[in-house]
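I have placed the structure first, in the form of structure tokens, so that the comments after it can refer back to it.
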Amino acid sequence: MTGKTALSRAQVEERVLGVLKWLVIAFLAVITLLPFYYMLLLSLKPVDALLLDPGSLWLSAKDFTVSTYQDVMRSTDDGGQGFTRFLLNSALVSLGTVLLTLAAAVPGAYAVSRLKFFGHRQVSALFLAVYLFPATLLAVPLFVIFARMGLSSSLVGLAVVYVAQTVPVSVYMLKNYLVTIPYSIEEAAALDGCSRLQTVRKVILPLALPSLMATGLYVFMIAWNEFLFALLFLAADPDKWTVSLGLAQLSNGIEVPKTVLMAGSVVLTIPVVFLFFAAERLLTEGLTSGADKS
């Protein structure tokens with residue numbers, strides 16, 4: 001009798017926990033997706049429909065419009081907001097930052113994970129120590145240095161700043177994955193006549209693809225969404241603005257409708273969301289690499 005009671009109690013607890021788990025998941029899904037849904041909804045509404053019913057969570061067919069996106073993407077010479085140029089600038093800076101960061105982080109992560117040298121155990125902590133200094137503390141010195149180099153109003157200079165910001169954590173992320181790759185694989189490659197550089201290129205990099213994807217996406221998101229350094233370096237030249245600066249301009253505009261502002265917000269958000277879902281499997285594998293220390 002006691003055994004049956006204990007079993008029944010366990011079943012009840014399991015079911016209650018199962019229900020609570022799904023309630024928590026549903027709650028988190030709602031608070032995560034609802035703001036984006038409402039932003040997308042407003043971006044597809046005309047201004048008059050928004051004024052008549054600003055709290056509506058539904059969009060009728062007669063109110064549906066893409067004119068807000070046309071206004072956002074149209075060049076400023078044609079009376080638009082010029083987001084096409086902003087998107088191109090952001091893409092150039094973000095992709096350039098990803099390529100340069102990975103080019104610097106891969107050798108660094110390999111050296112930390114494979115080579116033995118004095119203080120190699122403390123190197124990871126030193127890389128992350130860079131983040132002890134807030135971006136606002138580094139902004140003015142970096143701007144002065146790049147101004148003297150003639151790079152204060154260029155996309156190249158902005159990309160270099162982003163690379164300096166993202167290389168330390170990229171090395172840390174890649175190192176955690178590389179240490180999980182058995183050293184015997186490199187020994188087998190060496191026996192086949194591969195140099196260390198060939199081993200990294202032909203063996204290590206293909207095996208580290210999930211971590212490279214995760215690190216690259218992280219770097220891309222940092223560069224795509226960053227605002228402070230973009231404002232500091234590019235504010236004087238609107239033709240070189242990134243999407244984040246363009247969105248800030250919309251939010252500060254008195255005559256800009258909120259529907260156009262929401263369309264700009266969607267344009268800023270969609271690329272990162274698309275990349276995340278496109279590389280979801282590799283991203284998850286890369287972010288969880290090194291978690292199992294057994």
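Cβ coordinates come from backbone N, Cα and C, glycine included.
The annotation transmembrane segment is assigned in TrEMBL to 20-40 (among others). Note on the transmembrane segment (20-40): residues 57, 262, 265-266, 269 of its chain, located 6 or more positions outside it, place their CB under 8 angstroms from a CB of the stretch.
Per TrEMBL, the feature domain 'ABC transmembrane type-1' maps to 87-279.
Residues or ranges marked as transmembrane segment by TrEMBL: 91-113 (among others).
Here the transmembrane segment (125-149) has long-range neighbours at 157, 160-161, 165, 168-169, 171-172, 228-229, 232-233, meaning same-chain residues at least 6 beyond its ends whose C-beta is under 8 angstroms from one of its own. The transmembrane segment annotation in TrEMBL covers 125-149 (among others).
What TrEMBL lists as transmembrane segment is 155-174 (among others). Using a Cβ-Cβ cut-off under 8 Å and counting only residues 6 or more beyond its ends in the same chain, the transmembrane segment (155-174) has close neighbours at 89, 92-93, 96-97, 100-102, 104-106, 108-110, 112, 124, 127-128, 130-131, 135, 142, 146, 149, 208, 211-212, 214-215, 218-219, 222-223, 226, 229-230, 233-234, 240, 242, 286.
Taken from TrEMBL, the feature transmembrane segment applies to 203-224 (among others). Beyond the transmembrane segment (203-224), the same-chain residues lying 6 or more positions past its ends with a Cβ under 8 Å from any Cβ of the stretch are 90, 93-95, 97-98, 101-102, 105-106, 110, 159, 162, 165-166, 169-170, 173-174, 176-178, 181, 185-186, 189, 194, 243-244, 268, 271-272, 275-276, 279, 282-283, 285-287, 289.
Through the fold, the transmembrane segment (260-279) approaches residues 36, 39-40, 42-43, 68-69, 71-73, 81, 83, 87, 213, 217, 220-221, 224-225, 243-244, 246-247, 250-251 of its own chain, all at least 6 residues removed from its boundaries and within a Cβ separation under 8 Å. What TrEMBL records for 260-279 (among others) is transmembrane segment.
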